[in-house]
Amino acid sequence: MIETSQRHSSNSTASNNITRPLAKEPITPPQNIPERPSWLQRVVRFGVVGGVNTLVDLLILNFLLFMFPTRNAFMLLAYNSLAYALGAINSFWLNKYWTFGHKQGQLHRELPRFAITTLCGIVWSNCIIWLASNALHPLLLNATVWANTSKIVAIAGTACISYLGMQLWVFVNHKSHTKHLLTEASIDRSNPLSSEPQALFAMTHEVSHEDKVSDVQEDEFMLSHVPGLSVVLPAYNEEQVIATTLLDVLKTLTLWGLDFEVLVVNDGSVDRTGNIVAELAREHPRVRLITHETNQGYGAALVSGFQAATKALTFFMDSDGQFDIRELRQFFPFLKSYDAVLGYRIARQDTWMRKLNAWGWKCLIGWVLGLHVRDIDCAFKLLRTEFLQRYPLQTRGAMINAELLYRLRRAGYTYWEVGVHHLPRRAGRATGAQLQVILRALSELFVYARIWRREEQAQALAKPKSLSTQKRA
């Protein structure tokens, strides 16, 4: 579940002596990651989702029949196809994040497969309706009863096609393919209270005891050669979790023996977030508090942290406790070959509304800016401070992550994507799906996309002129 971007040219010249291609620190699996449901649970969940979809399907079909009554079989097929398609949209999201939530694959693969499965279901449903309606039509005089009887007959066969298609083809992750050198290791979900740590990533072949000892030594060598690290934690009304998050960061990075600083940006919090961080900063010299008197936005908080960073590397994550700082260790080895390492959330622990919002935003960013990554807004990224201070960011809202990736690509920098676990929010309230946040992000996207496109066009026109000038010289 690791991908690279398609780019490139020159790597950053920032110094680093990391020689190991893979980090394998044992990490205790988070206690709150949902367990893999049994086959019976999946069938029951699929049945519940199917019931909801059937209700949606029948309501839409009957609405169309009420508004536009018909006995014409072709019109009925059109009504049925529309009702089935709208129910299928609901089916995709509920099955992806509930029934088959343990199989988080790539959305760009799942969508076309789901569309094909849905199309097969529509064809099957229409065939059954056609046959059943022709058989039952002489016996039933009421058009609505006739249509619904045919529909119910079609549902059973369609449900079988849908379940088998989703179970065996649509929602299938590819992490078990042994042709990859790297694969996501499975967490022992049968015993969530087990204290035996599991590596987040493991080699596909068995490792001898001597290899393990060597790996530990190389891991320690790798950490000792990591340059200084600035950790940026944006915070807005996180009084219930900020102390735990901050202390966890301090404990982990101190244990690793890194040269680091922690920059907490209090973005106009109206609770005790600022006071709590200030108290901890007095006890821990490596903690620095940056305060915004008013709430300026998520992007503005990150920019303030980036500008204040003094170490060679900058890492940022949210301060709400939904990430495990220990997973940062697997990022460092990739800095040997790439300029940035981007996290993407495994089994995202958010509401379906936030997931739907994130999916729509990701698609929009891909369409407008041509950026295609697994999780554009994952707040778990490691970058070189030189890049952040050389290319200042302009946006100040939720658009900040998209701009960050856009500037990486435009400047010719490379990045690598690594999966990280996403934990349920323990306290506080998420603000990313609020209407004003969404509207601000959309506004920044279209305003700056236009500006950046003009800059790219001007840059493209300037290149031939500079080349012709050099030839004449």
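The backbone N, Cα and C atoms fix where each Cβ goes, glycine too.
According to TrEMBL, the features are:
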type	residues	note
COMPBIAS	7-19	compositional bias 'Polar residues'
DOMAIN	45-171	domain 'GtrA/DPMS transmembrane'
DOMAIN	230-360	domain 'Glycosyltransferase 2-like'
REGION	1-33	region 'Disordered'
TRANSMEM	46-68	transmembrane segment
TRANSMEM	74-93	transmembrane segment
TRANSMEM	114-132	transmembrane segment
TRANSMEM	152-172	transmembrane segment
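Within the chain, the transmembrane segment (152-172) has long-range Cβ neighbours (under 8 A, six or more residues past its boundaries) at 42-43, 46, 50, 54, 84, 91, 95-96, 99-100, 103, 105, 110, 113-114, 117-118, 120-121, 124-126, 128-129, 132. For the domain 'Glycosyltransferase 2-like' (230-360), the DSSP counts in helix, strand and coil order read 57 helix, 32 strand, 42 coil.
A mean pLDDT of 93 is what the model gives for the domain 'Glycosyltransferase 2-like' (230-360).
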